[in-house]
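Single-structure report; data block below.
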Amino acid sequence: MDLIRRPRRLRTNPAMRDIVAETRLHPEDMIQVLFVRDGIDAPQEIPSMPGQHQHTVESLVRAVGEAVAAGVRCIDLFGVPLDADKDAEGSAAWAEDGILNRGIRAVHDEFGDDVVIMADTCLDEFTSHGHCGPLTQNRFGTTVVDNDASVAAYCRMAVSQARAGAHVVSPSGMMDGQIAAIRQALDEEGFEEVSIMAYSAKYASAFFGPFRDAVGSSLQGDRKTYQQDPANRRESLLETQLDLEEGADMVMVKPAMAYLDVLREVADFSSVPVAAYQVSGEYAMIEAAAANGWVDRERIVLEALTGIRRAGADLIFTYYATEVAGWLRAGRR
Ligand code: PBG
């Protein structure tokens, strides 16, 4: 065939493919998500997330050490309190000696500024009903999450996290006005340097299923009155725009794989770094298929993460960060 253009020329060998690859993963683009649980004396594997654990404070510090050694520069921490410490307000969330703040403090004591400590700023792990904020009745007598009371609680929680040593707080509750209020609360307490990672476009997703196991969630029902409808795209641009106006330092789209179109649009539009969250269900599906021998685990993990980067994510929250950072250091991609 007499062809001028033969795209296959650039695919002839691994070195050639490497030099023309448009998208690369780096250990520093990945945020390792970790769980710390109160009242356990050894790490507990999460049944629906094989390979991931609820950590003790001590094993958390070890896990952060492994992440740092692999080249990961940021961790995101979730706390799992004792059932006895849950209440309708979620007050264990901002207790100075609450499990999440103890975890933050331990990591900060050990690693200081060597790793960016991000903390989840939401109440769902801490409320007895599992919702992301305190409940109230609307004018029709329906029970709903109280927006403004939730935001006030997030402010207390964010300040307590900053005090414990968090570099970044990450409000994930999808309440209106949460970014502006948290910014003001942090500034009033002298935490102007603490950044906000806004969960801007967060969908009411079935992909969060295994996470409920991971945090021992008490939730009955769903979060559809505060998280976004998977049918909507434009709404994500509004949510992101509002978060930017309110002072978000970074924005996020979540979940990742079923929302790559949203991620691309947010990335094109955002003036701040954009993250995507490869969530528990994305992890669990890969692990389940790989355990059955139905997919090649390493290739599919790298492909999923590369796809998320290609769609526009500067940063990826993933349960695979430490492991993948190790692979990347060994020259795989
Ligand atoms: C809630 C929160 C959730 C996740 C992160 N923060 C669960 C939810 O909104 O129901 C999910 C993370 C994952 O599935 O990996 N604040």
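Glycine residues also receive a Cβ, built from the backbone N, Cα and C atoms like all the rest.
Under the heading active site, schiff-base intermediate with substrate, TrEMBL lists LYS202, LYS254. Under the heading 5-aminolevulinate 1 binding site, TrEMBL lists ARG212, ARG223. The Mg(2+) binding site annotation in TrEMBL covers GLU239. Per TrEMBL, the feature 5-aminolevulinate 2 binding site maps to SER280, TYR319.
Proximity of the recorded positions ARG212, LYS254, SER280 to ligand 1, judged by a Cβ distance under 6 angstroms to any of its atoms, singles out SER280 in sequence order. Of LYS202, ARG212, GLU239, SER280, TYR319, all annotated as recorded positions, the residue with the shortest Cα distance to LYS254 (active site, schiff-base intermediate with substrate) is LYS202. Spatially close to TYR319 (5-aminolevulinate 2 binding site) yet at least six residues away along the chain are GLN32, VAL33, MET49, GLY51, GLN52, GLN278, SER280, TYR283, judged by Cβ distances under 8 angstroms.
For the recorded site, LYS202 (active site, schiff-base intermediate with substrate), the DSSP three-state label reads strand. For ARG212 (5-aminolevulinate 1 binding site), applying a Cβ distance below 8 Å and a minimum sequence separation of six or more within one chain yields LEU219. Here GLU239 (Mg(2+) binding site) is positioned 9 angstrom away from LYS202 (active site, schiff-base intermediate with substrate), judged by their C-alpha atoms. A distance of 16 Å separates the Cα atom of the residue listed as 'Mg(2+) binding site' from that of ARG223 (5-aminolevulinate 1 binding site). Taking a C-beta cut-off of under 8 Å and a sequence gap of six or more, ARG223 (5-aminolevulinate 1 binding site) has these contacts in its own chain: HIS131, CYS132, MET174, ALA204.
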